[in-house]
Amino acid sequence: MKLGVIGAGAWGTALAQVAARGDAPVTLWAREPDVVSAINDIHENTGFLPGVRLSPTIRATDRLDDLAICDALLIVVPAQHVRSVLEQSDIGDKPLILCAKGIEAGTKRLVSDIAGEVHPQSPLAVLSGPTFAHEVAAGLPTAVTLACADESLGAALSDRIASATFRTYASTDVIGAEIGGAVKNVLAIACGVVEGAGLGLNARAALIARGFAEMTRFGLARGARAETLAGLAGLGDLVLTCSSTNSRNFSLGVGLGQGIAASALLSDRKTVAEGAATAPVLREAAHEAGIEMPLTEAVCALLDGAPLDAVMDALLQRPLRHEGV
Ligand SMILES: NC(=O)C1=CN([C@@H]2O[C@H](COP(=O)(O)OP(=O)(O)OC[C@H]3O[C@@H](n4cnc5c(N)ncnc54)[C@H](O)[C@@H]3O)[C@@H](O)[C@H]2O)C=CC1
Ligand SMILES: O=C(CO)COP(=O)(O)O
């Protein structure tokens, strides 16, 4: 199975490296011509994944037409750009493995909804889990959820992608895998705020646990399965990104917690912090469905410029409640 990757940020590049194991040919579409030439000329994505020597069997291109030779495509552009890139791509009925973690602003669509609308003939899978790109590219042990409604396609994709150090766990819960990845980015911002404001480790642990309850409430209401949310794509990724400044979302939160304005933190960013775009649309979706998401509300307030003291007071003065989801 020839794999192509659309999106040559840190994650698309790391996944191309995974797909190129054993010197398999991989076509990697990048938006930026300098990224294309760096990958083809010196086998390094100096822009988005510096310091990693890439397999010479990865061929970068800035022409989406060059992906026509592939049998399946990994879609790894940020969630807010998936629709426009898919609209420009002649995909036919190739299987798509969706790897972005976010919800589309305005439409409130999950990435699988967008792909289903733009390319209804393509079978869909979602790859999600605790996966810092530079660790995956370095071949460090990693495990992900690979969710696909069609179990035999899921198994074929796993056969092609998995290795001893990149373990795929099969699931048929596409929505659950997506919601886990999208919501954890918002919660990672909140955890970064706790770190940046020096609120302590107890607060961080409380936030992870109550954030997981919040993710579960939203996920179950949207048809996700509890076991998926408690797995790699939900809790696993939440724990990873709530504990390290390697997470762009966590780092954004650290800045907010230190009192730096969101506008200053987000302007001129080259890399993506998906949670900043997902938070307001997640809040809107939760309001519409009557689901309480106080931590998401708090992140939205901070992104909108509310003072941290006021946001913390609002959270800490919420009525005491039963612990269940
Ligand atoms: N970096 C990581 O460790 C992981 C990232 N992800 C997810 O993968 C997705 C991509 O993230 P990264 O590869 O980290 O990106 P990145 O932050 O390394 O790079 C930004 C990417 O956005 C692309 N981009 C910017 N403007 C665009 C536009 N108008 N149209 C199309 N593409 C545009 C750039 O070409 C580049 O590929 C995100 O949804 C992220 O949450 C998932 C797992 C791990
Ligand atoms: O999704 C990720 C790891 O699983 C990467 O997290 P950030 O986008 O916050 O860096």
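For all residues, glycine too, the Cβ spot is worked out from N, Cα and C.
Quick caveat, the model's predicted, so the values are computed rather than measured.
According to TrEMBL, the feature domain 'Glycerol-3-phosphate dehydrogenase NAD-dependent N-terminal' maps to 3-152.
Feature annotation from TrEMBL assigns NADPH binding site to Trp11, Arg31, Lys101, Ala133, Arg248, Val272, Glu274. Mapped onto three states, the DSSP output places Lys101 (NADPH binding site) in coil. Other C-beta atoms found within 10 angstroms of the C-beta of Lys101 (NADPH binding site) number 29, with every protein chain shown included.
What TrEMBL records for Lys101, Gly129, Thr131, Lys184, Asp237, Ser247, Arg248, Asn249 is sn-glycerol 3-phosphate binding site. Counting only residues at least six positions away in the same chain, the Cβ atoms of Thr142, Ala143, Val144, Thr145, Tyr169, Gly181, Leu232, Ala233, Gly236, Asp237 sit under 8 Å from the Cβ of Gly129 (sn-glycerol 3-phosphate binding site).
Residues or ranges marked as domain 'Glycerol-3-phosphate dehydrogenase NAD-dependent C-terminal' by TrEMBL: 173-305. Mean per-residue pLDDT, taken over the domain 'Glycerol-3-phosphate dehydrogenase NAD-dependent C-terminal' (173-305), amounts to 97.
Annotation comment: TrEMBL describes Lys184 as active site, proton acceptor. Around Lys184 (sn-glycerol 3-phosphate binding site), the same-chain residues six or more apart in sequence whose CB sits under 8 Å from its CB are Lys101, Gly211, Met215, Gly234, Asp237, Leu238, Thr241, Cys242, listed in sequence order. DSSP assigns Lys184 (sn-glycerol 3-phosphate binding site) to a helix in the three-state reduction.
Ranking the binding-site residues Thr131, Ser247, Asn249 by Cα distance from Glu274 (NADPH binding site) puts Asn249 first. In this structure, the binding-site residues under consideration are Asp237, Glu274, and the one with the smallest number of other Cβ atoms within 10 Å of its Cβ is Glu274. Taken in sequence order, the binding-site residues Arg31, Gly129, Asp237, Arg248 that lie near ligand 1, meaning a CB under 6 Å from one of its atoms, are Arg31. In this structure, the C-alpha atom of Arg31 (NADPH binding site) lies 23 angstrom from that of Ser247 (sn-glycerol 3-phosphate binding site).
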